[in-house]
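A.B. asks: Below is one structure. I have some questions about it.
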Amino acid sequence: MAKEKFDRSKPHVNIGTIGHVDHGKTTLTAAITNTLNTRYGTGAAVAFDKIDKAPEERERGITISTSHVEYETPNRHYAHVDCPGHADYVKNMITGAAQMDGAILVCSAADGPMPQTREHILLSRQVGVPYIVVFLNKCDMVDDEELLELVEMEVRDLLNEYEFPGDDTPIVRGSALQALNDPAGPWGDKIVELFEHIDTYIPEPTRAIDKSFLMPVEDVFSITGRGTVATGRVERGIIKVQDEVELVGLQEDSRKIVVTGVEMFRKLLDQAQAGDNVGLLLRGIQRTEIQRGQVLCKPGTIKPHTKFKAEVYVLKKEEGGRHTPFFDGYRPQFYFRTTDVTGATKLPDGMEMVMPGDNVTMEIDLIHPIAIEEGLRFAIREGGRTVGSGVVASIIE
């Protein structure tokens with residue numbers, strides 16, 4: 001069967017369901033595909049058990065089960081991720097295996113917010129999920145209007161607690177199961193209403209090409225008579241010949257350099273963009289003054305830092321991680337973009353140790369400054385093998 005051509009005419013948004021176990025995330029995912037297919041004739045209906053049997057994937061050596069479905073509203077194309085287990089969410093969000101432009105928080109009206117409701121909101125805050133829309137599920141089981149209002153208030157308070165705009169967050173009351181059984185009926189209307197909110201409340205993501213230029217340096221060599229060339233894959237933005245860039249990381253001071261040539265597959269170009277593997281010819285810098293692990297970027301857009309807070313997942317023994325816990329002051333290597341830097345870890349107050357399989361918020365102090373920003377992913381390594389995965393939650397200095 002030939003693959004269908006991906007329709008690029010609609011804006012594309014990545015989304016996912018989050019929330020406590022058994023509050024109806026997977027049922028909602030199935031109901032969405034079914035309802036949008038019934039109402040608009042777009043996409044395909046995906047059955048519950050097909051989503052529930054999520055295939056295992058390995059992302060940076062970590063085993064994660066995730067289901068990917070896609071669907072369309074009249075305005076947009078969505079890629080949606082749903083995870084069967086809580087551990088899969090934690091791993092997924094920390095490794096960035098499934099980047100989310102926004103999330104649908106599913107909360108059962110019958111139970112109200114539960115521990116994982118809170119944990120998923122916190123994780124969303126830490127890993128930089130920018131927008132959350134709430135689906136209050138199982139409303140067919142609750143007759144009491146006051147109870148619904150109470151649950152709604154609790155959810156809003158919880159969102160506020162983790163610095164999401166709880167008071168302005170769209171909350172839709174519905175029943176995923178009823179909508180799945182009768183997508184054309186009144187409960188199906190609730191799914192349509194949910195997506196009217198999502199279409200407007202979750203903005204289109206900025207494409208990598210529209211962001212400020214950044215390229216991690218992978219290799220450096222000098223060409224006699226022409227100068228120094230730095231190679232790497234452009235992470236974001238566009239670079240043109242004669243642009244000024246800044247070299248950031250591994251040294252105290254950043255310095256500005258002019259790009260005098262852009263080369264790709266041995267051909268000279270006027271410009272390169274996000275996703276391209278290129279060599280940049282740099283004027284007035286010696287090969288010894290630039291090294292792997294630094295980044296070239298638009299001047300002033302990123303700074304070198306040594307101290308930051310991170311959300312970390314520690315690999316289990318079965319995933320090739322450590323067999324033993326580690327303690328406060330543990331000093332592994334932190335692998336950012338293209339290089340390892342040693343750093344010391346500081347555990348939260350009152351926490352003695354971290355076991356393989358745990359996720360933890362910790363402070364990290366690197367021995368060299370690195371170009372870091374919130375949302376940047378990294379691996380934790382010991383002697384070249386990955387023992388953990390993390391994401392920068394906030395910069396300290």
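Every residue number used here counts from 1 along the chain in the order it is shown.
Glycine residues also receive a Cβ, built from the backbone N, Cα and C atoms like all the rest.
Reproduced below are the annotations present in Swiss-Prot:
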type: BINDING; residues: 19-26, 82-86, 137-140; note: GTP binding site
type: DOMAIN; residues: 10-206; note: domain 'tr-type G'
type: REGION; residues: 61-65; note: region 'G2'
type: REGION; residues: 82-85; note: region 'G3'
type: REGION; residues: 137-140; note: region 'G4'
A.B. asks: For the region 'G3' (82-85), give me same-chain residues lying six or more residues beyond its boundaries with a C-beta closer than 8 angstroms to one of its C-beta atoms, as numbers and ranges.
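C.D. replies: For the region 'G3' (82-85), the nonlocal Cβ contacts are 16-17, 21, 25-26, 29, 51-52, 54, 64-67, 69, 92.
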A.B. asks: So among the binding-site residues Lys25, His86, who's got the most Cβ atoms within 10 Å?
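C.D. replies: Of the binding-site residues Lys25, His86, the highest Cβ count within 10 Å belongs to Lys25.
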A.B. asks: Using DSSP, break the region 'G2' (61-65) down into helix, strand and coil residues and give each count.
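C.D. replies: Result for the region 'G2' (61-65), in helix, strand, coil order: 0 helix, 4 strand, 1 coil.
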A.B. asks: Within a 10 Å radius of its Cβ, which of these binding-site residues (Asp22, Cys139) has the fewest neighbouring Cβ atoms?
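C.D. replies: Sparsest of the binding-site residues Asp22, Cys139 by Cβ contacts within 10 Å: Asp22.
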